[in-house]
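Below is one structure; the comments refer to it alone.
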Ligand code: NDP
């Protein structure tokens, strides 16, 4: 097996792995506890911990129960079956660093529609009440924390003994292999893509399913739903719908085309997305604020506009690449840089870099509407507590770091061509500022 180039310094890996292992799981549990049992108030949780110490923390950590495992197993099996069985167009992913071209089945939107219709139907017909999911949320997160860790051990072993393609390899360091992953496109059999499952069909899908769950829970508890949670759920659903509408485009992004299947990305998608990404909705269940129709509509329209702009940025880049630059960008022929680069197998290839439209405003302008959209689906919580805004803060840090990571990667891939892109489009994210 070919040795892979070490993308991250060992120290970075050790520090981030240690913090992911030691800080993130307790954080997920504390976030859930604060949202569900402590009125969303950090100071209330802090007082509790001060009074009861470590034992108090152990007491609030829910054990993964049989019902939690059952819910996760049914959901995972259902999503895996949809991924395998639903029809979809054959889509080719981008050429990998080893020169392979992975093939996917684009059935994400169908899986999304079937999932939501099934979930609402089982509730409507009294077969299963989604409020049960909310009532066992802590146990579910606890089970996900442990289950995902075991799943990542499976990925590590598979990477060693049965890699699916030549886009796989060891860095020679067990911790780095486990943490950053070994395989770029791990599969079970020929067709079941593991990263599509963890990132899209489990992680992103759980976001929509839990958003709906929170709404239903409020309805079951109060007999009505406040406009605040309606705005929050609608915006999150619009966002996730956009994601599945564009899922084949996602297969061209860093998460799929560059990040290997390891603890970092898989644990994040299996645990962090269902817990942290959905947390503003989790808060709103017990805080049925009524915004009034006018304010609710303003927030809704602003959020939808941001989601649309974010979508249009991604669409513009992909349309530009798909047509080899022969498309219109904001009504004009696009301006571009023809950049050549060398693959790991030594072949020379060319890529086009768009330097007009959204991609001429800044090099990662698409992150601005992404962050603003998250702000708009959180703001129905108003400003009594900080915790609902944690996701917005986290996303801002994540995307600023990601823009830097992506810039570094593109600089080493495209060299002087990336330098001329930076000269032409000098700002990284915020036009005129940063
Ligand atoms: P992308 O991977 O879509 O875009 C970056 C890549 O595009 C670069 O690696 C490069 O790849 C190529 N590229 C860069 N500049 C240009 C250009 N000027 N013209 C053409 N191609 C270019 O970015 P992300 O994966 O970060 O984002 C995709 C979407 O996911 C966005 O909507 C983002 O907001 C969202 N997102 C959401 C997150 C969340 O947690 N909510 C986290 C991360 C992203 P190449 O090697 O092909 O040249």
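Just so you know, the numbers here start at 1 and follow the chain as drawn.
Cβ coordinates come from backbone N, Cα and C, glycine included.
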Worksheet item: Given the ranges 109-128, 169-188, which one is assigned the annotation transmembrane segment in TrEMBL?
Response: 109-128
Fill in: transmembrane segment according to TrEMBL, located in which of 140-157, 194-211
140-157
Item to complete: Out of 242-260, 261-279, 318-336, 337-355, let me know the one TrEMBL marks transmembrane segment.
Response: 261-279
Worksheet item: Which sequence positions outside the transmembrane segment (67-88), separated from its termini by at least 6 residues, show Cβ-Cβ distances below 8 Å to it?
Response: 105-108, 110-111, 114-115, 118, 132-133, 136, 139-140, 142-144, 147, 191-193, 196-197, 201-202, 205-206, 209
Worksheet item: Do we see three or more Cβ pairs under 8 Å linking the transmembrane segment (261-279) and the transmembrane segment (109-128), pairs being at least 6 apart in sequence?
Response: no
